[in-house]
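Listed features, source Swiss-Prot:
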TRANSMEM  4-24  transmembrane segment
TRANSMEM  39-59  transmembrane segment
TRANSMEM  72-92  transmembrane segment
TRANSMEM  102-122  transmembrane segment
TRANSMEM  135-155  transmembrane segment
TRANSMEM  172-192  transmembrane segment
C-alpha cells in the first residue's frame, strides 16, 4: 500500500509528466485558456491514461514479452491508445454532449498526446511494475496532468484580465507562467527518494 502511495505522489508532484518530464505540452498550452475546458480535458485524459496504462501493461506482460515481440511495443501501444480514446470519445458523447462539443477536436487529439504514449512506454520499461503499480502510475500521471492543467488555466484566466505589457502578452506570458510553475514543482523533488 505504501508503494502505491509513493508511486501516486511521485507521478502527481515529484515527477510530474508535464512540468518535470515535459510530456503533454501541446494540450497544456492549447486547452488552458478556460478552466471549464481544462477540467473537461483533464478528466478525459486521466480516464484515458488510466485505461491505457492498464491495457498496455496487459499487452506488454501477456502478449509482447512472452512471444518475444517487444520490438512491436510502440505500434501496439499506439493501437491500444487509439482504441481507448475512441471508447472515451463515445462515452463523453453519450454522457455529456455539451462537454463533447466544448472539447471539439481536442478529444480525438488525446491519441497523439505524447503523455499517454510516454506513460505506457515508461511503465513497460519498469519490469518490476505489476498491474496495480502500472495502473497507479497511469492514474497518478492523469491526476498530475489534471492538477497542472487546471492550475495553469486558472492562472491564464487571471492573466487575461491583468495589465500585461504588450511584448509579454499571449504565448510569452504563458511560457513564463509555465516556467514559474515548473520551478514551484521542483520544490517537491526531495519528497520521494528515487
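From the backbone N, Cα and C atoms, a Cβ is placed for every residue, glycine too.
Between the transmembrane segment (102-122) and the transmembrane segment (4-24), the number of CB pairs under 8 angstroms, six or more residues apart, is three or more, so the stretches are in contact.
Sequence-distant contacts of the transmembrane segment (72-92) (same chain, at least 6 residues past either end, Cβ-Cβ under 8 Å): 44, 47-48, 51-52, 55-56, 59-60, 63-64, 99-100, 103, 107-108, 110-111, 116-117, 120-121, 124. Under 8 Å from some Cβ of the transmembrane segment (4-24) lie the Cβ atoms of residues 45, 113-115, 118-119, 132-133, 136-137, 139-141, 143-145, 147-149, 178, 181-182, 185-186, 188-189, 191-192, all in the same chain and six or more residues away from its ends.
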